[in-house]
């Protein structure tokens with residue numbers, strides 16, 4: 001059975017990477033946190049805060065930050081990859097020669113790669129040559145700011161190697177953060193990649209002043225299309241009914257702390273993609289709707305909500321027009 005390193009490398013000091021580094025440290029681990037910018041690493045080491053990405057969260061002294069990837073990866077048998085989905089490949093190409101042989105590689109990213117239509121675990125295997133059993137995914141209803149406040153939360157650790165999954169589970173079990181293992185990597189990744197798109201749709205509805213009935217319909221019908229895509233790819237439906245599916249979907253669609261929902265609200269209020277992006281950075285769902293829709297098309301899976309979000313984000317359709325389009329679809333059994 002694979003164990004977990006006494007020092008774990010978390011590659012990416014954004015909100016999610018920093019929050020998970022804190023979880024690992026609070027659970028008793030020694031963590032090296034890689035930041036792209038040296039000033040972010042220096043600030044973490046000197047003040048114990050990361051105000052740019054996770055303001056207000058005091059980071060334990062067992063987290064050491066660095067902007068040197070070689071330093072971060074040296075000797076780590078477990079590497080958490082906390083970079084955006086669309087930059088995963090480029091970062092891994094730089095880091096691959098530095099990765100210790102046999103390391104457990106853990107994706108924290110939620111998305112489908114544009115062009116290749118690969119899930120993140122597939123990108124990791126493709127670039128590093130790792131065995132599928134070496135690759136794990138962490139996903140669930142995990143808003144970074146709430147986790148940083150030590151609010152109770154649960155997540156899924158998915159890996160085909162049960163030993164690696166259990167080792168990660170133990171390393172993350174901090175008292176306020178409860179991990180569950182699952183062998184269904186595909187389902188865990190599809191749930192995470194698709195929920196951001198549905199959260200954009202929920203945000204758009206809020207932005208134009210619609211209420212809870214609309215939000216409930218979007219979440220429920222959004223789940224239906226996520227399950228259709230997941231099962232077409234071989235996912236277990238139970239995974240998508242659990243934390244990595246329904247759980248993540250509800251948190252991301254309903255929380256005002258959700259970046260994808262907040263971005264959708266701006267679009268609903270009439271802001272352009274460009275102006276919304278300047279205010280709060282373009283979110284993962286904007287890119288994911290393009291790659292997920294292409295993936296669904298390749299499997300002949302119908303995803304009308306994803307299609308509507310894609311049209312609003314990339315084809316100039318207004319939110320009102322998207323609603324008219326969805327409500328004008330042919331009626332059918334649930």
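Glycine too: its Cβ is placed from the backbone N, Cα and C atoms.
Under the heading NADPH binding site, Swiss-Prot lists 16, 36, 37, 110, 144, 259, 282, 284. According to DSSP, residue 37 (NADPH binding site) sits in a coil region rather than a helix or strand.
Sequence-distant neighbours of residue 259 (NADPH binding site): residues of the same chain at least 6 apart with a C-beta under 8 Å from its C-beta are 280, 281, 283. Feature annotation from Swiss-Prot assigns sn-glycerol 3-phosphate binding site to 110, 140, 195, 248, 258, 259, 260.
According to Swiss-Prot, the feature active site, proton acceptor maps to 195, an assignment based on sequence analysis. Under a cutoff of 8 A between CB atoms, and with a sequence separation of 6+ in the same chain, the neighbours of residue 195 (sn-glycerol 3-phosphate binding site) are 110, 222, 226, 245, 248, 249, 252, 253. Taken residue by residue with DSSP, residue 195 (sn-glycerol 3-phosphate binding site) is part of a helix.
Taking Cβ-Cβ distances under 8 Å and a sequence separation of 6 or more, the neighbours of residue 37 (NADPH binding site) in its chain are 67. Separation of the C-alpha atoms of residue 284 (NADPH binding site) and residue 140 (sn-glycerol 3-phosphate binding site): 16 Å, rounded to the nearest whole number. In this structure, the CA atom of residue 36 (NADPH binding site) is 25 Å away from the CA atom of residue 140 (sn-glycerol 3-phosphate binding site). If you take the Cα of residue 144 (NADPH binding site) and the Cα of residue 258 (sn-glycerol 3-phosphate binding site), they are about 9 angstrom apart, rounded to a whole number. Counting only same-chain residues at least 6 apart in sequence, those with a Cβ under 8 Å from the Cβ of residue 260 (sn-glycerol 3-phosphate binding site) are 196, 197, 199, 200, 203, 252, 283, 284, 285.
According to its DSSP assignment, residue 110 (NADPH binding site) is coil.
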